[in-house]
Amino acid sequence: MNRRTAHRTHRTKRRTTLAGTLLATALLATACTGSGGTSKGEDAQAPDDPKSVSGTIKVLTHRTDLAQDGTLKKYAAEFNKTHPKVKVEFEALTDYEGEVKIRMNTENYGDVLMIPAVIKKNDYPKFFASLGTVAERSKKYLFTDFTSVEDKVYGQSPMGAVPGFLYNKKVWKAAGITDWPTTPAEFIDALKAVKSKTDAVPYYTNFKDMWPLSQWTSVNGSVGCDTQATTRLAEGNPWAKGADLRVGDTLLYDIVREGLIEKDPTTTNWEASKPKLAKGDIATMWLGSWAVVQFQAAAKKAGTNPDDIGFMPFPAQVDGTFCATMSPDYNQAVNVNSDHKEAARAWIDWFTDKSGYAEANMALSPVKGAPLPEVLKPYEKAGVKLIELDDAQGAAVKEIDNQSEVGINKPDYRQDLVDLARGAKKGSLDDFLGDLGKRWTEAAKTAGS
Amino acid sequence: MTDTTTEKVARPHSAAPPVRKTQAPRQVRLRRGLTPWLFLAAPLILLITFTYAPVANMVAYSFTDWDGVSPELSYTGAENYAEIFTRAELFQVFFVSGYYLAASVVQIAAALYFATILSFNVRFRNFFKGVLFFPYLINGVAIGFVFLYFFQDGGTLDSVLRLLGVESDRAWLGTSTSANVSLAGVSVWRYMGLNFVLFLGAIQSIPGELYEAAELDGASRWHQFRYIIAPGIRPVLSLSVILSISGSLSVFEIPYIMTGGATGTETFVIQTVKLAFQFNKTGLASAAAVVLLLIILAVTWVQRRLVPDDKVDLV
């Protein structure tokens, strides 16, 4: 088509030729977009001798806070003690997902990077170098499943988290509740007690900031204590009676319906919510173990006791025990186009095993058998069972999710759910969840074809 | 343009001086012909790289199933367009544009009112002009944040109302209607300044003696507005109407920053952005963007047919 356009312009008057050529160039440029995908599939081998591996590697990270306060530089210095010839540079990006997604259309996306959520699992071999086989890595590490494609692992999360409610212990005590609720109904009663006996807002939705609402999807697996929960999402209706997501969403709906949330959810503020929970103005929030550090820091800043920040599992028990799923953070991977794959691999191994990053963030270590962080000591005491979800169907779930436009990891449908519960939107919960289920199962039929 | 002038000059019978002097050498002629293009090259290259190439790109993507990152994309023909036109719920968001359309009527009326008043001799005229135009100069994202605090529970609006003795206990962004009215109000606040300046400019271009003559004839201020100002600014008025209709069909910044499209405030553009960046349906979203472009073009065309742009002749 381009050729024909160019051809015709040659015959017309000289004056239009230039414009025509320019236009043709523009069209040609259009035709050239969509870079040719070469399916590569390379390995990033661990170096035999850490002293000899060399090169300058660039690490893309979402932790702008650690880049600013110099923590990352300290990690690099520590790393250089064992790998003297590798120079590590960091590039911290505020809008990590958005920027890296676009950069990945080129070959220039650092040597080590966190795998953006948007990249499809099946595309991993095109973008990243493999770190080894599943059999080999799963002996030592957690979360290998989440980045494996056809028996090869492409990333490793340096830490893991467990979902749960953050709560202010003082407020809950003042309301007369000392034991963790074991059913959703008990949980609602507890929040009602908080409402009647204290001045605190029983539950804070963080509706305006949106992403905290999408955290509710992490109830999946924790409710039914099922390591195959992700597979069930791919194969069935996540909002069928008794399914994990339905239980979670129903609890959220009931909390809102009973008026146990903040007065105006449409103008909430995440940063401001942290000191509020620390001070006891807010009693509870559904987040994850990763948030505890931030709230303790906020407590210190607000001059209250950081130990008041408590952490409890989802109110559901199977055979008398709570369950909580362990899930990875961003997975670190090696750019398949990197010139220093050995050095990059050495960094990932060191960062996962020896950096102390997980401890510093009070997070789960991805190394199997490592002790639990301080935050999760109460879990250990209460005998909460920590399980790792099988992520073999993770890519399929993502695909169905996009296809159906439900967005289980996006805030939209839960915002609608909250609107429904507080009467800003008409309809019943059953119809709403039924519609989600219908869209989901219909998309499941066509996805992957 | 230049070509034709050189041709004219080059005509042999046009003037007495010898032909050799006017008939410049081939090289010079070529350079003369090229000069305007050299001047035009910079803006043209910029225009093509940053406007037409991306648009052409987007149109190309709209025929594919690209997800925005994957190195592979396949051509799907008009499938995306078929999907858009068979999913009625994608067009439901245009009801939200109704709020903004209603708001733009208010906006144009208010802008016209202020422009008329401030075109006469009023005290502190320039000060008020500045006050009215100021919001338009603020960045849209900043406005979103400012008004988020404004509408907060116990925020600026509630405080001001309390000062006036009104105890309001409503969540301004709480229900769909209330949220859309509030957001449309912000949009009026922001864009009225632009309409105002356009109108003011048009009004000031009306020759002053017309008013004088009208005053001598005993015309009141209302008559001056009705028979001099209103017809005088008609082209600008119809431009404003076109801009505000296409504007209300493609509202984005204010609702996106303030509510993110929650509580029934989702507009067509927000929906498109979500399709592209949340659900990674870049192909479908490109098609939606093309459809929006076509709708706006169609609406503008219909409007021009209904209200033709007559030549205004005041004198």
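Cβ from N, Cα, C; glycine included.
TrEMBL: automatically predicted annotations, no manual curation.
Noted in TrEMBL for the protein shown:
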type     : residues  : note
REGION   : B:1-23    : region 'Disordered'
COMPBIAS : B:1-10    : compositional bias 'Basic and acidic residues'
TRANSMEM : B:34-53   : transmembrane segment
DOMAIN   : B:93-303  : domain 'ABC transmembrane type-1'
TRANSMEM : B:99-120  : transmembrane segment
TRANSMEM : B:132-151 : transmembrane segment
TRANSMEM : B:171-189 : transmembrane segment
TRANSMEM : B:236-258 : transmembrane segment
TRANSMEM : B:283-302 : transmembrane segment
Same-chain residues at least 6 beyond the ends of the transmembrane segment (B:99-120) whose Cβ lies under 8 Å from its Cβ atoms:
128-129, 132, 180-181, 183-185, 187-188, 191-193, 195-196, 198-200, 203-204, 221, 225, 229, 237, 240-241, 244-245, 247-248, 251
Spatial neighbours of the transmembrane segment (B:236-258) far in sequence, C-beta under 8 Å, 6+ residues away:
94, 96-97, 100-101, 103-104, 107-108, 111-112, 140-141, 143-145, 147-148, 151, 173, 183, 186-187, 190-191, 195, 198-199, 201-202, 265-270, 273, 292, 295-296, 299-300, 303-304, 307, 309
Other parts of the chain folded back onto the transmembrane segment (B:132-151), taken as Cβ under 8 Å at six or more residues beyond its ends:
114, 118, 157, 172-173, 182, 186, 189-194, 196-197, 253-254, 256-258
